[in-house]
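Taken verbatim from Swiss-Prot:
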SIGNAL    1-26  signal peptide
BINDING   98, 213, 216, 217  heme c 3 binding site
BINDING   126, 129, 130  heme binding site
BINDING   164, 167, 168, 305  heme c 2 binding site
BINDING   219, 220, 265, 267  Ca(2+) binding site
BINDING   220, 268  substrate binding site
BINDING   279, 318, 321, 322  heme c 5 binding site
BINDING   286, 289, 290, 397  heme c 4 binding site
């Protein structure tokens, strides 16, 4: 047996302790580093922030006062024809308060009546601008996993109304201290801003205020097999640049069954039109006009989260820059809205006729070669019209841009109809193509053979049975408090 001196024993024992102890310390350090890199858990339940941020929470909750449902199809039945074959022909209401974002996407006929998680018609992407649960699911499961599957799959997960964690890093020390802690909660929005050379983390506070709004108030499309959200900004954010992008990738939202034109549907390009308008050009942010600083009962200033019409808080919004009185500015805006609306209706009349005349041309025996340039004009005209009207505040944000877009839309629609006259004549049709009665929403939908009673009944069954199940599952899992 080899004898070891006491001194050598102490050296060996110390070395062993250092070796194994150091390993434990390294493991602990690695674990801490991993925890630091892990994204913070996102709290999607908005009422959890009522106590630390009472004024902001109360004003956010007050968006429920903006409850009016305004049926855009009933107001303008031409839209039914322009969106024939697309879900918007079933149902399209004007926007209302943020408190209703989740309710409205559940209740609209556009999302159908899926009775099972795998049922259609819409993809998961249709939740993307409706709830902070979207950011939570992306953080927990990854972006690809979030987008996979149909809209109904997300029902038990996406259960809290659009709120705090959509725009703020609610887990940060800054937010706890009462600072804005603005962040982009949608990774696809961050990528889009990078594409136009405006990375969020390098932007100033004013730019970031508009960027967080621009996560949702933008044009987007569903890309690839899993229908992931992408902003079409690779070539820029103007109507012409986005049109060129879509044409370059041969993207089509749907084919209008009347004309067989491959159509594009603009969503709500508020960020793009604001950016092009006088307010955006002068760095007046969305927050400056729609979320002003106001005083609470104790005289303390806070940012109102009752996002709405700037005229409702005139002294805190418009008055900070403009010298005119409220009535004068309201008249100016009303006149701009009237000007935009007049040309909008002219474009719609031309496009409605173009779709029906194209249908007649096909029926008369027109060839694809004859129709291709006509369908391109219809596609481009309606895209420019839609880009104008889908941005609901364009008459305020960028009226000159809206008028230019509508002017080019009118030209292209008229050009399509001029070509259609020749094609129809070549195939023996010399009389005017008759139009069905589309003077009301119901008549327009009837002209397309839409069974609205069936759609409505199926939706009501869905709301009465499936939605309560979603909410019960969410409460059971702790994702919904009430």
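Cβ atoms here come from the backbone N, Cα and C positions, even for glycine.
The model shown is predicted, which means the values in this text are computed figures rather than measured ones.
Here is what falls inside 10 Å of the CA of residue 267 (Ca(2+) binding site) among the binding-site residues 98, 217, 289, 290: 217. The subset of binding-site residues (167, 168, 220, 265, 286) lying with their Cα within 10 Å of the Cα of residue 213 (heme c 3 binding site) consists of 167, 286, given in sequence order. It is 322, among the binding-site residues 168, 305, 322, whose Cβ has the fewest other Cβ atoms within 10 Å in the structure shown. The most densely surrounded of the binding-site residues 126, 164, 286, 318 is 164 (count of other Cβ atoms within 10 A of its Cβ). Listed in chain order, the extra residues whose Cβ falls within 8 Å of the Cβ center of the heme c 4 site residues 286, 289, 290, 397 are 213, 270, 274, 279, 284, 285, 287, 288, 310, 393, 396. Put simply, residue 321 (heme c 5 binding site) is 27 Å from residue 216 (heme c 3 binding site) when counted between their Cα atoms. In the three-state DSSP scheme, residue 219 (Ca(2+) binding site) is classed as coil. Inclusion criterion for the binding-site residues 98, 268, 322: a C-alpha placed within 10 angstroms of the C-alpha of residue 219 (Ca(2+) binding site); this criterion is met by 268.
Annotated pair residue 321 (heme c 5 binding site) and residue 129 (heme binding site), C-alpha to C-alpha distance, rounded: 31 Å. Sequence-distant neighbours of residue 167 (heme c 2 binding site) (same chain, 6+ residues apart, CB-CB distance under 8 A): 182, 183, 185, 212, 213, 215. Checking each of the binding-site residues 290, 305, 397 against residue 130 (heme binding site) by C-alpha distance, the shortest gap belongs to 305.
Separation of the C-alpha atoms of residue 305 (heme c 2 binding site) and residue 290 (heme c 4 binding site): 8 Å, rounded to the nearest whole number. Largest Cα to Cα distance within the recorded heme c 5 binders 279, 318, 321, 322: about 12 Å as a whole number.
Residue 129 (heme binding site) sits 9 Å from residue 217 (heme c 3 binding site), taking the Cα positions as reference. Sequence-distant neighbours of residue 279 (heme c 5 binding site) (same chain, 6+ apart, CB under 8 A from its CB) are 289, 397.
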